[in-house]
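Worksheet: the structure to be examined is printed underneath.
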Amino acid sequence: MSNPTTEAPLPYHTYDIQDTAQKLDTNLEDGLSSQQVQERLQQYGHNQMSGNGGVSPWKVLFRQIANSLTIILVAAMAIAFSAKDWVEGAVIGVVIITNTTIGFFQEYRAEKTMDSLRKMASPTSRVMRDGNLAHISTNELVPGDILVFENGDVIGADARLFEQFNLEVDEALLTGESLPVPKTLETLTDPDEPIGDRINLVYSSTTVTKGRGRGVVIATGMQSEIGKIAKSLIESSGDSKTKLQKSMDKMGYLLFIFALLLGVVVFAVNKFRITAEVAIYAISLGIAVIPEGLIAVVTLTMAAGVRSMAKNKAIIRQLNSLEALGSVTNICSDKTGTLTQSKMVMTKAYIPGDGYYHISGAGFIPEGQVIRLGEISANDLAMAGSSDSYTQVVNYENMGAPLRRVVEVSSLCNMATLKHDKTTGEWIGVGDPTETALQVFATKVGRGRPALTQKTDNGHPEFSLHAEFPFDSTVKRMSVVYTEEKSGKHIAYMKGATERVIGCCSRIKIGDREETIEKPDQLSQMIGYQVEQLASNGLRVLSLAYRYIEPQLSETHPDYWTREQVERDMVFVGLVGIYDPPRAESKESVEQCARAGIRVHMLTGDHPATAAAIAREVSIIPPNYRESKEGPKLVMTAMEFDALTDQEIDDLEELPYVIARCSPDTKVKMIKALHRRKKIAAMTGDGVNDSPSLKIANVGIAMGMAGSDVAKQASDIVLTDDNFATIVRAVEEGRRIFANIQKFVLHLMSGNVSEVIALVIGLCFADSSGLTVYPMSPVQILFLNMVTSSPPAMALGLEPNNPLTMRMPPRSPTSGIFTLEIISDILVYGTLMGGLSLLNFVLVVFGFGDGNLGHDCNSAYSDACDLVFRARGAAFSCLTLLILLHAYNCRSLREPQWLPPGIRNYYSNRPLFWSIFLGCGLLIPVLYIPYVNTSIFKHQYLTWEWAVVGVSVLIFLAASELYKLIKRRTMKPNIVLVDDEKAAY
Ligand code: ATP
């Protein structure tokens with residue numbers, strides 16, 4: 001079997017590109033075919049590091065066995081067996097096995113979910129396959145794939161370059177070299193060249209810091225350079241515990257110590273005459289104290305939450321962010337693609353001295369007309385396109401020279417391509433949306449980039465590319481240099497944000513003339529009004545320029561220019577206006593945030609007027625907002641914001657709602673300002689430079705479709721649909737999960753308190769021989785803890801969303817699960833339940849019975865013990881029912897069980913309903929099946945005692961409602977509905 005990736009050494013850097021392609025049997029244009037990919041996946045396996053193989057069942061099993069509960073249970077079993085209490089020992093044994101098995105499967109499933117989600121969030125790669133550009137999961141790369149990458153991408157496999165523009169790659173991970181390495185295509189000669197010097201190769205896991213390129217994959221998985229040194233470098237799988245889980249663990253330890261103390265108390269009460277009975281009672285108390293189900297339920301609830309979020313298009317990378325989401329007070333969002341559709345269409349152009357043009361047509365379909373509007377008012381501009389009074393259609397042939405240049409810049413200073421999918425008939429834009437819009441425009445007049453750069457009849461293309469200085473959100477412009485076949489000259493084209501382009505211009509094209517610009521701000525005065533007009537119609541405005549340029553000769557590069565050499569002395573030709581409609585759901589989502597006490601900020605690279613127009617459309621600023629001296633300045637440019645000192649920012653009444661012309665540093669400044677105001681901020685980002693702000697935000701959110709790998713790796717959450725509405729849904733889900741965790745913590749812990757109270761006070765009952773009579777048996781306690789309370793607690797974790805969730809202000813980040821209210825609830829409900837069940841025991845024995853506690857009634861049934869056994873049955877039945885029904889109390893901390901209507905009813909959480917129903921039903925066999933009742937549970941069935949139990953249940957329900965009523969009357973309201981008026985503009 002020929003296996004190019006395993007032949008050592010691999011001198012691909014010494015092969016020229018044709019040899020490489022031949023050896024790997026691939027096509028540089030079209031890539032591999034699907035069939036080849038399948039064969040190679042079989043041959044070489046997936047592109048992943050071995051040893052990073054996901055969830056280990058053994059680890060999960062170990063965690064199940066080595067926990068405090070299992071240890072306590074094993075001790076109980078050992079004691080039972082040594083005391084020859086075979087039945088009890090066996091029951092405990094069965095409990096251990098069932099508990100471990102159920103726990104194992106639940107946790108294994110949860111871990112699997114998490115693992116597959118981690119994989120979903122893992123990097124993707126772009127490759128050419130079957131002649132199309134495809135996005136695939138990086139672990140599906142195979143040798144021979146044609147890899148396409150650009151600034152911000154993490155390279156998925158080792159590859160031999162065959163195309164590159166200004167490509168620089170950060171290889172510090174591999175070689176320790178701290179500076180990015182510039183790459184070339186040249187074939188090297190020395191087969192033993194060190195890795196770091198093989199500059200015509202790129203390596204798996206390194207990051208592109210500049211430029212773009214294409215390469216043929218030469219090695220994947222463990223064969224790649226990183227694979228060879230992989231083990232030490234494999235990222236930790238990110239399963240570190242969250243804050244919440246850690247605090248739960250801590251609480252677990254504390255309770256364990258408490259359980260030991262209670263054990264000592266039991267021994268002390270029995271004057272340290274430690275019989276098996278006494279030991280088992282002590283252990284029962286331990287079982288009662290420790291909320292066994294808690295950690296499992298937390299994990300399960302989180303896993304379920306993460307799963308449902310993934311379904312809703314938000315992939316959680318860091319579990320911690322799930323907790324933070326519920327506290328988010330401010331969301332800082334990008335505009336393009338997040339609040340807007342990113343389906344950009346160029347609709348307007350402005351040529352100095354000539355006036356406006358309207359471009360008709362929809363979407364990416366390259367059909368439409370260019371209509372001359374001339375110099376018109378702002379109002380008419382807004383109406384243009386919908387009116388048919390303008391009929392001056394222009395085509396390429398009768399276009400003036402400046403408009404022709406505008407078409408040329410649009411077409412050539414552009415890396416996007418337009419494809420026609422023959423099967424669906426749809427037009428697809430591949431590349432940057434802004435550039436796609438310009439490409440569509442150029443294609444509409446028959447001057448798309450392919451037409452200009454493909455060879456003509458004379459064997460030469462009209463234009464051939466020499467250099468490219470790509471767009472990035474810091475410089476906000478892009479330039480290219482071409483050779484113009486007709487004149488034989490080099491020509492540079494530039495496009496970008498107006499302020500960034502006019503600074504590079506020294507001339508302006510008016511008609512066939514070029515006028516020199518005398519003063520620095522002359523140009524901005526000439527076109528400032530038009531930029532404002534276009535932008536205030538919500539259009540993204542780009543300025544276009546060009547110039548003929550002399551080659552800069554250097555020895556190694558015949559046509560070599562630095563960015564500075566190209567981007568000066570340009571000739572300004574015109575403006576283009578691109579419309580990017582807001583997403584339909586953005587406005588509603590922003591308003592939903594306002595109702596939920598969350599402020600939305602838009603941080604965009606766009607012009608302030610464009611930003612303000614879109615912000616108005618989606619309700620981020622009021623429709624009638626105008627800047628005034630008195631009110632807060634809601635729309636700022638990054639320049640204005642950056643010029644403020646921290647103190648000045650802190651003195652602002654309100655942080656700006658919109659920051660235009662925003663650069664990545666401004667985002668960081670904004671987050672810091674929010675943090676100084678004690679706000680919890682979510683921040684979106686897509687570019688490489690966004691990583692710092694994504695990292696310091698409380699919740700960093702990366703765009704899954706438009707985002708770079710670097711941004712994704714710096715983020716906590718990745719949105720697979722890049723949609724603002726998804727963020728809002730995730731916040732809602734975060735709030736729901738946290739509230740549910742609080743609910744089941746309350747349920748489980750108050751159950752435990754009730755058992756402890758019953759058992760500790762129960763130590764006071766002594767029989768005729770002075771021995772303690774236990775009001776509950778160990779098996780009863782096990783049953784209560786494992787069978788009665790865990791299922792409803794789990795179901796509380798699934799409690800559906802309460803529509804009021806997004807009408808309340810965000811939860812304070814400092815208040816963890818255990819707020820004062822929750823602690824008091826645990827104690828009050830716990831005491832109430834424990835007290836009532838003990839009262840059942842007391843009433844049955846002393847109230848209605850003759851007070852005879854028999855003799856040695858802890859282990860075996862006898863006629864003399866009948867009363868005690870019945871009393872135990874009553875106490876147990878009462879507590880079972882109370883714990884089950886208490887789950888309904890826990891659905892809301894303050895609202896009555898039955899209210900508010902329309903929000904929930906007894907059946908709206910079906911698992912909860914059924915767990916309670918079945919839990920109650922289980923009482924029957926446990927009480928009435930002979931032998932099971934007296935020998936295992938150590939209780940007897942009930943007759944008239946049911947009346948006592950029933951009354952206790954009613955008392956509990958009434959007392960709980962009274963307690964909630966008192967809380968509602970006396971405590972500060974926890975539901976402050978955010979004012980609707982204030983919410984929507
Ligand atoms: P947001 O931050 O809201 O998502 P954005 O990311 O689109 O907005 P940038 O991409 O930073 O913002 O764009 C800022 C400005 O740069 C735009 O208003 C436009 O003038 C200019 N611009 C955008 N894309 C290009 C491009 N491909 N070539 C040249 N200039 C561009």
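Each residue's number is its place along the chain shown, starting with 1.
Just so it is clear, glycine is given a Cβ too, placed from its N, Cα and C backbone atoms.
Quantities reported herein were computed from a predicted structural model and do not represent experimental measurements.
The feature domain 'Cation-transporting P-type ATPase N-terminal' is assigned by TrEMBL to 11-85.
TrEMBL lists 65-83 (among others) with the feature transmembrane segment.
The annotation transmembrane segment is assigned in TrEMBL to 89-108 (among others). Listed as Cβ neighbours of the transmembrane segment (89-108) (distance under 8 Å, sequence separation of 6 or more from its ends, same chain) are residues 55, 57, 60-61, 63-65, 69-70, 73-74, 76-77, 80-81, 292, 296, 299-300, 778-779, 782, 786, 936.
What TrEMBL lists as transmembrane segment is 251-272 (among others).
Within its own chain, the transmembrane segment (278-303) has Cβ neighbours under 8 Å at 68-69, 72-73, 75-76, 79-80, 83, 88, 99, 103, 106-107, 109-111, 113-114, 242, 244-245, 248-249, 252, 255-256, 258-260, 262-263, 266-267, 270, 319, 322, 737, 740-741, 744-745, 748-749, 751-752, 755-756, 759-760, 772, 774, 776-778, 781-782, 785-786, 789-790, 793-794, 797-798, 858, counting only residues six or more beyond its boundaries. The transmembrane segment annotation in TrEMBL covers 278-303 (among others).
Counting same-chain residues at least six beyond the ends of the transmembrane segment (744-766), those with a Cβ under 8 angstroms from any Cβ of the stretch are 262, 265-266, 269, 281, 284-285, 288-291, 293-294, 297, 301, 772-776, 781, 784-785, 788-790, 792-794, 796-797, 817-818, 822, 825-827, 829-835, 837-838, 841, 853, 875, 879, 882-883, 886-887, 890, 893. Look at TrEMBL and you will find 744-766 (among others) tagged as transmembrane segment.
According to TrEMBL, the transmembrane segment annotation covers 778-798 (among others).
Sequence annotations record features per position, and here TrEMBL assigns transmembrane segment to 826-849 (among others).
Sequence annotations record features per position, and here TrEMBL assigns transmembrane segment to 869-890 (among others).
According to TrEMBL, the feature transmembrane segment maps to 911-931 (among others).
Long-range contacts of the transmembrane segment (943-963) within the same chain, counting only residues at least 6 positions beyond its ends with a Cβ under 8 Å from a Cβ of the stretch, are 828-829, 832-833, 836-837, 839-840, 843-844, 848, 870-871, 873-874, 877-878, 881-882, 885-886, 889, 896-897. Taken from TrEMBL, the feature transmembrane segment applies to 943-963 (among others).
Residues 743-744, 746-747, 750-751, 754-755, 758, 774-777, 780, 784, 788-789, 792-793, 795-796, 829, 833-834, 836-838, 840-845, 849, 857, 861, 897, 906, 912, 915-916, 919-920, 923, 927, 933-934, 937-942, 945-946, 948-949, 952-953, 956-957, 960, 964 of the same chain lie 6+ residues outside the transmembrane segment (869-890) yet bring a C-beta within less than 8 angstroms of a C-beta in it. Contact between the transmembrane segment (778-798) and the transmembrane segment (911-931) is present: at least three CB pairs lie under 8 Å, with pairs separated by 6 or more positions in sequence. Within the chain carrying the transmembrane segment (251-272), a Cβ under 8 angstroms from the stretch's Cβ atoms is held by residues 68, 72, 278, 281-283, 285-286, 289-291, 294-295, 756, 760, 763, 772, all 6 or more beyond its ends. For the domain 'Cation-transporting P-type ATPase N-terminal' (11-85), the mean pLDDT of the prediction comes to 81. The DSSP breakdown of the domain 'Cation-transporting P-type ATPase N-terminal' (11-85) into helical (H, G, I), extended (E, B) and coil residues amounts to 45 helix, 1 strand, 29 coil.
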